[in-house]
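What follows is a short report on a single structure.
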Amino acid sequence: MERCDGVMFAARYDPEDGKRESVSEDTESERESESGSESESESEKETESESEKETESESESETGNTGKTGETRKSIGLESVSDSDSDSGSQSRSDSDVEMKEVDASNSNIVSDSSKHKSVLKKLRTSLSAQKAENSTSNSDSDESSVPTHDLAPLPQPALPRDQRLTATTNHIGNLDWLATPIYASTTETVPFSSFGLSSSMVKNLQSNGFSSAFSVQVSVLKLLLPDMESQAIRPDIGGDLLVNAATGSGKTLGYAIPIIESLRNRIVPRVRAIVLVPTKPLISQVKATFAMLSKNTNLSVVSLRSDISINDEAQRLQVVPDIIVSTPGRLVEHLTNGHINLKSLRYLVIDEADRLLNQSFQNWCETLMSRIDSNPISELDQTWRPSVQKLVFSATLTTDAGRLSMLKLQRPRLIIVNDRHELVNELFTVPATLQEYKLSLGSARSSAKPLVLAKFLMSEQKLVNTLVFAKSNEASLRLCRLLQLLFRVFGLDVTVSYLNSTNNAASTRAKILKDFANQTVHILVVTDLIARGIDIATITNVINYDLPNSSRDYVHRVGRTARANQDGEAYTMCFGKGETKWFTQLVREVSRQTEVKDVEKGFRDLVSREDEAKYDTCLEELQRQVFEGV
């Protein structure tokens, strides 16, 4: 009988004997390898012995609760060694069978204990290998620390590819030199039309309509475009595109209409040679009327395209090819897409109110139109001797954003700024030189009586005729118009007030209202920003900003309805509270002007009395009754 680590093995034959011997041999070999290893420390041996003791205790607890089974196991082992060849009777055989079963169960527990022992040893080996790896890492760190150190110095850098990109950017800026070197023109310069060498019929047409002298913007444009046209008769590639920044009402339409008609008056075969793009239908009518006036006694044909007419009807009219087309961008793109217009002979492209057109897509008009213009490939020789499309860009608030202007694909552009102050900013905002601007500031608590303040102000300043009032929306314009009508009636004044917004913007209605306003049948007209740009009435002397504009651009186009064609005009802006006053102060800083904005030295009580407030309350009740009754 042999005993290893508290485990007894019997010499008696058993079917599980082979398994027991293999387990015993594995256990002994593991112990021998562990004891023979010189690298293991004393702590590792103690850990192993503790693991073996735990294994013994677990084995003993599993064989029985009283320890009797262990004694039986020992007795069985002794009997197996001493009396292996004899039997003492049937009772001893049965006892022996029972003992054999118990031995088998004990052996299975031994195998389980051995597997647990292996897992413990496996974890121990893993821990040792991790410790060795950590030691090797620390050794490598010590080796690195032995490397000599040097002072910090900048690392050498390779040649960067961005250097080429910087060169390209510099070249691009060089192409924008025209933005940095504009041509400035005085706002007061005037020259007789007869001194420009115009045809006799053109001078006659101008004089018959009351135009004897050219204003500053017209002088500047004619001085550049007329020589270009003479040079192009010999070298069509000479000249370049033109951008003009001039105040609203300065006469830009005449500035581009005169040279275009002078250039085309001797044409032989009708072709589409000039296209004028404007943002609104009212401007279409005004521009077409100007071209029709100047083209009298010529064979030139002028056609307008607008969205309130059937596109099929316009296509029928276009079969008789016109020389000049006036259109909105969206309607022009429709005809181009349907193949109704051929641009092969196009010479002039005019973009009026360019700031508004470039800010809106209109069926992606700019890209579509430029691609159609560039779709006719020509050789280098043709580029020299064939006239290219000359682009003429006009606006009172002309952008200098290169990103927006690049969409126009400008060629050799020149910039004219009609302004006595020689300055260039990202947005060129200019008001007429003859315009006087005023600000009426009151406390925010008085805003509830805003219509009453306006009525009393117009009465006190004698602004009851030729006055244009701007409101922020259709609803605001309708309400203000009705309240002013009621207030003037209560105050016993015969003042006619009307309104114009998108709710009554039909061509016939609009034309009648504007005609009555120009003839002073309508004394005060309340409008919105959407409608304002189409109003070109020289008799307007007063503009009232009842509601503040949203931007400097809107402000310029509002106040530009007066002081047109070098006439005098006044603009008043109503500010209620510190917030509105601060906003207006910041807004007007971005606008170029000849004179500063003045304050109106009048308080609320200077304008409105207690009796006036009572009358205003009566008007409010009357307006409420009319709304409920649908009057």
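The backbone N, Cα and C atoms fix where each Cβ goes, glycine too.
Fair warning: this is a prediction, and the values are worked out from it, not measured in the lab.
Among the ranges 191-219, 365-393, 394-422, the stretch that Swiss-Prot annotates as motif 'Q motif' is 191-219. Per Swiss-Prot, the stretch carrying the note motif 'DEAD box' among 344-347, 352-355, 600-603, 608-611 is 352-355. In the predicted model, the domain 'Helicase ATP-binding' (233-416) shows an average pLDDT of 87. If you draw a 10 Å sphere around the CB of A246 (ATP binding site), it holds 28 other CB atoms from the protein chains shown.
Surrounding the centroid of the Cβ atoms of A246, A247, T248, G249, S250, G251, K252, T253, where the record places ATP, the chain contributes additional residues within 8 Å, namely F215, V217, G255, A396, G560, R564. A247 (ATP binding site) falls outside any helix or strand according to DSSP and counts as coil. For A247 (ATP binding site), the count of additional Cβ atoms within 10 Å of its Cβ stands at 28 [all protein chains shown]. For the binding-site residues G249, G251, the largest tally of other C-beta atoms within 10 A is found at G249. DSSP assignment over the motif 'DEAD box' (352-355) gives 2 helix, 1 strand, 1 coil.
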